[in-house]
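J.: So that we are looking at the same thing, I have put the structure below in structure tokens.
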């Protein structure tokens with residue numbers, strides 16, 4: 001292969017440039033058209049015409065439920081019985097496999113470039129593994145009904161797909177053809193000579209010499225991917241571009257599964273299909289790589305920004321499977337590769353493409369000293385069935401990652417990865433609502449699939465929308481969450497709650513702290529959050545000793561590849577140091593707890609190293625005090641005067657507080673903007689409160705309470721009265737002594753006798 005770029009020798013190259021300028025941008029009239037087309041594919045296996053070595057087994061995937069922690073993290077478990085035993089698969093949805101701004105480029109018969117932005121379901125691709133076998137692989141999709149995809153167990157690959165016309169969720173499991181899944185004579189086209197030439201060519205390119213980044217601790221990285229599918233591969237799918245897309249999505253899901261061990265996430269930004277003719281000639285694989293890279297640099301890069309771009313070709317290259325530039329990721333002129341796709345074994349294709357992308361990421365072919373638990377790994381020169389990276393591949397990757405700036409970017413799930421599409425579940429400009437999929441819209445009482453409100457509906461979403469109607473003014477739509485926050489109320493006209501406002505930065509809060517960005521900042525409280533309720537901020541000697549070291553355990557920030565030592569005035573603004581720690585806390589992955597004995601004090605802290613994507617819990621928070629009238633801002637101890645504001649309790653007539661927009665938030669009984677007149681309180685930013693309604697409600701509740709209390713007392717008195725009557729009746733009915741009878745004429749004599757007797 002030539003070491004310098006040469007002009008294209010392919011026909012119509014000049015026409016391509018002119019044609020690329022005439023892009024026809026279109027939108028699909030009905031967004032669910034793509035879904036209906038793709039659903040047709042459920043009758044055809046995703047692996048195309050792949051051969052199988054045995055008759056299929058019928059299985060019924062059964063969902064397994066229970067109290068396992070992994071389910072709380074989005075993992076699902078299913079049991080499948082095949083191969084004479086029961087298997088449990090753990091799967092998790094792969095979010096953002098396809099960009100929300102995903103574009104498909106095709107060509108008209110006249111040669112005009114046609115752009116579509118179809119709705120693509122993005123939560124139905126799953127990756128995972130078999131229970132008890134961390135080396136296994138599961139890559140399936142549920143987008144088209146049931147499970148369709150690949151299961152790899154102990155080096156054996158199975159295809160799973162739904163059984164047609166089954167009413168009991170039956171699936172078919174096939175064992176893939178062994179001649180495609182075991183060691184083959186096919187190999188990567190990268191030879192030692194070509195590798196040397198590529199290195200020489202790249203070393204001469206100054207764009208490859210990016211900033212050195214010693215000490216980088218690698219974690220999550222993101223790669224924007226663009227793909228091109230040449231004419232013959234589209235013909236293989238009977239010119240059905242929807243089938244091509246399904247194949248592409250499934251392959252990317254498999255590759256993402258392979259690269260998960262490196263914590264690399266691929267996001268597909270776009271696909272270009274050469275459905276009319278190829279725009280470069282397909283001859284030898286070396287020439288194709290050169291010409292594709294040149295075409296990409298002058299054409300594709302302007303349509304689909306990418307970190308890596310590959311072309312899928314349905315063409316024989318002898319024994320060669322693919323070719324890619326080494327260490328070329330992030331370099332627009334060389335970050336490309338060629339992949340040969342013949343037949344329909346998508347797992348086989350996934351290994352090929354993952355191998356060639358490995359070259360883009362700096363990985364060379366494995367030598368005899370490289371290992372991945374077996375002697376043959378993914379980056380072996382000849383293809384094999386083991387999609388695992390070796391220790392050598394890891395080393396090459398780390399070296400490339402240290403200089404590959406495009407990989408060290410924040411995830412683009414927000415922002416440019418989202419296009420304006422009705423039906424994607426996100427309300428864009430010009431849409432009254434967006435209920436998402438057809439099923440979701442069928443269940444939505446307020447929104448139509450056309451992203452307009454249903455008859456009688458005034459709203460479909462928002463904190464001030466209830467049962468498709470706007471809530472009345474004065475309804476609380478956002479309660480305060482802490483002492484540094486302020487409430488908001490609906491205004492009666494909008495379905496949206498007013499913007500969140502909170503106390504002005506610098507407002508005092510508990511334990512001598514200050515409010516800053518809606519939180520009360522205090523080092524003692526920060527230590528409690530990390531190490532438990534008994535912990536507290538350590539002695540100043542801990543801060544002085546550790547934060548002046550300038551390492552990952554004590555520093556005042558990072559510039560490029562170096563930790564900054566804290567100067568003495570700023571030691572309280574570096575990393576928080578704690579004491580009185582009773583137990584080591586449970587922290588997220590990649591977190592480190594350290595302790596140091598210093599002059600009879602044990603100083604506790606956490607580290608935060610390069611490449612971590614989780615929040616840093618151990619850095620002293622901005623707004624924390626660092627001395628009299630001083631606070632920490634950007635790891636510097638600065639005067640509290642930076643919070644000087646025209647708003648103060650005095651400007652609020654001492655009847656309110658200042659919010660973060662420097663406006664008065666008045667107490668109950670005073671009216672904004674300056675709390676000078678009687679009113680309901682609140683601010684010009686919070687919406688109108690309805691304290692009267694709240695007072696009436698409280699009064700009503702109080703009245704109800706008094707009524708209840710009255711009836712309770714009445715019942716008690718009634719019981720006491722009944723008891724009193726019972727005892728009174730018992731007393732009246734007690735037996736009493738007989739009284740002397742009054743003598744009558746008939747018994748007069750007898751009476752006298754008795755009386756005489758008694759007197760005697």
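Cβ coordinates are placed from backbone N, Cα and C, and glycine is handled just like the others.
Got these off Swiss-Prot a minute ago, pasting:
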DOMAIN    221-413  domain 'Peptidase M12B'
CARBOHYD  154  N-linked glycosylation site
CARBOHYD  164  N-linked glycosylation site
CARBOHYD  239  N-linked glycosylation site
CARBOHYD  240  N-linked glycosylation site
CARBOHYD  391  N-linked glycosylation site
CARBOHYD  690  N-linked glycosylation site
CARBOHYD  694  N-linked glycosylation site
REGION    738-760  region 'Disordered'
MOTIF     186-193  motif 'Cysteine switch'
J.: Specify the count of other C-beta atoms within 10 Å of the C-beta of residue 239 (N-linked glycosylation site).
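T.: Result for residue 239 (N-linked glycosylation site): 12 other Cβ atoms within 10 Å.
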J.: Given residue 154 (N-linked glycosylation site) and residue 239 (N-linked glycosylation site), what distance in Å do their CA atoms have, once rounded to a whole number?
T.: 36
J.: At 10 angstroms around each C-beta, which of the glycosylation sites 154, 391 has the fewest other C-beta atoms nearby?
T.: 154
J.: Of the glycosylation sites listed here (164, 391, 690), which is spatially closest to residue 240 (N-linked glycosylation site) when Cα positions are compared?
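T.: Going through 164, 391, 690 one by one, the Cα closest to that of residue 240 (N-linked glycosylation site) is 164.
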J.: For residue 690 (N-linked glycosylation site), what is the tally of other C-beta atoms lying within 10 angstroms of its C-beta?
T.: 20
J.: What Cα-Cα separation, expressed in whole Å, is found between residue 164 (N-linked glycosylation site) and residue 239 (N-linked glycosylation site)?
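T.: Each residue's Cα considered, residue 164 (N-linked glycosylation site) and residue 239 (N-linked glycosylation site) end up 24 Å apart.
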J.: From the Cα of residue 239 (N-linked glycosylation site) across to the Cα of residue 391 (N-linked glycosylation site), what is the distance in angstrom?
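T.: Between the Cα atoms of residue 391 (N-linked glycosylation site) and residue 239 (N-linked glycosylation site), the distance comes to 42 Å.
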J.: Which has the fewest other CB atoms in a 10 Å radius around its CB: 164, 240, the listed glycosylation sites?
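T.: Checked 164, 240; of these glycosylation sites, fewest Cβ neighbours within 10 Å: 164.
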J.: Kindly state the mean pLDDT of the motif 'Cysteine switch' (186-193) in the predicted structure.
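T.: Mean pLDDT, the motif 'Cysteine switch' (186-193): 67.
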J.: At the Cα level, what's the spacing in Å between residue 690 (N-linked glycosylation site) and residue 239 (N-linked glycosylation site), rounded?
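T.: Taking the Cα atoms only, residue 690 (N-linked glycosylation site) lies 64 Å from residue 239 (N-linked glycosylation site).
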